[in-house]
Amino acid sequence: MPSKKNKRKRPERPTIHPKNKYSDNPPDFSLLASLYPSLKPFVLYSRDGRPRIDWTDFNSTRELTRVLLLHDHGLNWWIPDGQLCPTVPNRLNYIHWALELTAFTLYLVPLFLDGHFVGSDVTDVALEWAEKNVKGNQHISELIEIRKVTDCQDAISIEDSNCGESVNCENKMDGNVTVVEEAELLPSSFDPPLDMNKKYSGPPLLLGVVRDGEKFDFCMCNPPFFETMEEAGLNPKTSCGGTPEEMVCPGGEKAFITRIIEDSVVLKESFRWFTSMVGRKVNLKFLTSKLREVGVTIVKTTEFVQGQTSYLSLLRVFNGNSVPSMYYSQLSPFFCTGGASCKLNASSFVVDITASNDQCKAILGDEAKPPNGAATCNTLEASQSSSYLHPPSNNLSFRVSVFQQIPGTLLVKASLQHRDGPVPGVFSLIIQQLEKILRCKFCREKTTRN
Ligand SMILES: C[S@@+](CC[C@H](N)C(=O)[O-])C[C@H]1O[C@@H](n2cnc3c(N)ncnc32)[C@H](O)[C@@H]1O
């Protein structure tokens, strides 16, 4: 068994899984459009001739996902309008990571993956389309079973287990529970009020799926991240669709994943690894403490940034009546460090930035001091090492706007003007750095984010 030493490891820096086929070889939209005419209307061209996708258009993202699954993975796939559309490179990161975990365990306990999957959901539409997608791919249809989550009558329940209230369970767990973090999904600094008492009250999760005596190498989960659709609407991912059933549950992802943790106590013999995506880094601390509470000894996290092309953050600010230009004026000194080009549009409070490799490094390096000579914030960490940076081969172009959406709440919005290889990682870091500076200067609360 893996070591049970209680080692706290810092999450790795955001990265792209090295085995992800898109890590060195991002999709060529132009080529794909020439091969798949149905994609053609969705491939737009920037002024410099680069092909791009409108990530805010659901039909574009769905068609791209369809084409990537077909072209690169030989899979037929479709979902109806408005359903949550997965991004292929992103899910590939998760799959590679989960497989790697399993390989790690299998190295110690030599068993073999039999390549069978069980997929579960609760809504009729999700189940219907999962079934259609499986049946539409004969070469794998025998390997995947779709199950509707049932009430626990037939399955083992938390109450039936020897743990009773599983979270306070005295019977410590021997298995491994893993949280995989996917920070690209959500605005990193939207800190909703935390209500620790909100519990997941929906149908059972793992307990409603796993049958007596079944063994799985791992479970994967993409939970409903939000507590309300209003909150979900702030997510740049809404361009990928998403119905209330997919996006929202009482207590959000914290409550949903807590329920998986509780189920994992009962099902500790049924899985080698329990994994879930986590949308909000801020929830990791809470979830990790839940894991510790139930006696979990090995917790692994990772963070992937593949595909992030837009960024949206909400910061709560000191003075609800401050004028927008106060925030806007912070942008130019930050981005112009090292000579990046900054075009300010004073009427719309938008800044267009174009930065070369060196200018990106300068923005992220030691020189990236808080603008206007403000006192250095302790929490502004030099979180970038040059070995992590994979600067773009061409200039990085993006647009940033900062304004008060409602009094006391600052909205930071940033979007890449084009995608080029691993650029999103650099882009993401730059925006995180900006966000830290704005927090440091204007926010009430101490920065608690990683
Ligand atoms: C964020 S969506 C993920 C959708 C899709 N599986 C994906 O990864 O793109 C969350 C999904 O969890 C499903 N869900 C909600 N409660 C559930 C439960 N108790 N068991 C299984 N799935 C559940 C929702 O219906 C929704 O489809």
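Here the Cβ of each residue, glycine as well, is placed from N, Cα and C on the backbone.
Values in this document were obtained by computation on a predicted structure and should not be read as measured data.
Database features (TrEMBL):
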BINDING   ARG91, ASP121, ASN222  S-adenosyl-L-methionine binding site
COMPBIAS  1-20  compositional bias 'Basic residues'
REGION    1-25  region 'Disordered'
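Positions of TrEMBL features highlighted on the structure.
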residue	record	DSSP class
ARG91	S-adenosyl-L-methionine binding site	helix
ASP121	S-adenosyl-L-methionine binding site	strand
ASN222	S-adenosyl-L-methionine binding site	coil
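Residue density at ASN222 (S-adenosyl-L-methionine binding site): 17 other Cβ atoms are found within 10 A of its Cβ, drawing on all protein chains shown. Of all Cβ atoms in the shown protein chains, 20 besides its own fall within 10 Å of the Cβ of ARG91 (S-adenosyl-L-methionine binding site). Summary of the S-adenosyl-L-methionine site environment: with the site residues ARG91, ASP121, ASN222 set aside, the chain residues having Cβ atoms within 8 Å of the Cβ mean position are LEU84, PRO86, MET220, CYS221.
Residue environment of ASP121 (S-adenosyl-L-methionine binding site) contains 19 other Cβ atoms, counted within 10 Å of its Cβ in all protein chains. Residues ARG91, ASP121, ASN222 are recorded as binding S-adenosyl-L-methionine; their most distant pair of Cα atoms lies 17 Å apart.
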